[in-house]
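Q: Please find one structure pasted underneath; my questions will follow.
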Amino acid sequence: SLFLVLAFAFFLCFIMSTGSYVYFQFVQQWPPTNCRVRIKRPCSNPRPLQYFTIHGLWPSNYSNPTKPSNCNGSQFDARKVSPKMRIKLKKSWPDVESGNDTRFWKDEWNKHGTCSEERLNQMQYFERSHDMWLSYNITEILKNASIVPHPTQTWTYSDIVSPLKTATGRTPTLRCKQDKKTQLLHEVVF
């Protein structure tokens, strides 16, 4: 029975280190919220981008959506991000906090991309993310539904989800951040 326990433990460790997952979370963030709720260090750009940007493409499981992460895989190699792709990612996947885009891509690849490496190599991971960002243009979808940033106008969860579901055929999850007594839209997850 000790053998079975050890075998199971090894199997579990193997699954976690190789990145066993069921689906991907495609996470986009609203930069103004991201910057507004940062207390310790303000964002490098005083006027954050006014469109949704990529936060990441995260392999996930139903039992624990934040896993797997930090898998055994090839670490980020900046040379594998072509100059053409770099230009695209600077628009779709910028680091809105510090402005260090390459470090942000590195952190996201090393934490999440390494777990998807059996299906997506580093180049494919970033290409697929950028293509999904183009396909799921949250800023435009909401704008077409007359949902645009406004200092006093507020919307309900379903006000925001409904046009996104209609346009994409998928029901996103919204994540909000608390700012004083107000809930601010922070992330949209497909």
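Here the Cβ of each residue, glycine as well, is placed from N, Cα and C on the backbone.
OK, TrEMBL features for this one:
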- 1-20: signal peptide (SIGNAL)
- His55: active site (ACT_SITE)
- Glu108: active site (ACT_SITE)
- His112: active site (ACT_SITE)
Q: How many other Cβ atoms sit within 10 Å of the Cβ of Glu108 (active site)?
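A: Taking all protein chains shown, Glu108 (active site) has 22 Cβ neighbours within 10 Å.
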Q: Can you tell me how far the Cα of His112 (active site) sits from the Cα of His55 (active site), in Å?
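A: So the Cα of His55 (active site) lies 11 Å away from that of His112 (active site).
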Q: Quick one: pull the CA-CA distance for His55 (active site) versus Glu108 (active site), whole Å only.
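A: Rounded to the nearest whole number, the Cα-Cα distance is 8 Å.
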Q: How many other Cβ atoms are found within 10 Å of the Cβ atom of His112 (active site), counting all protein chains shown?
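A: Neighbour count, Cβ to Cβ under the 10 Å cut-off: 25.
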Q: Run through the Cβ atoms and count how many others sit within 10 Å of the one on His55 (active site).
A: 23
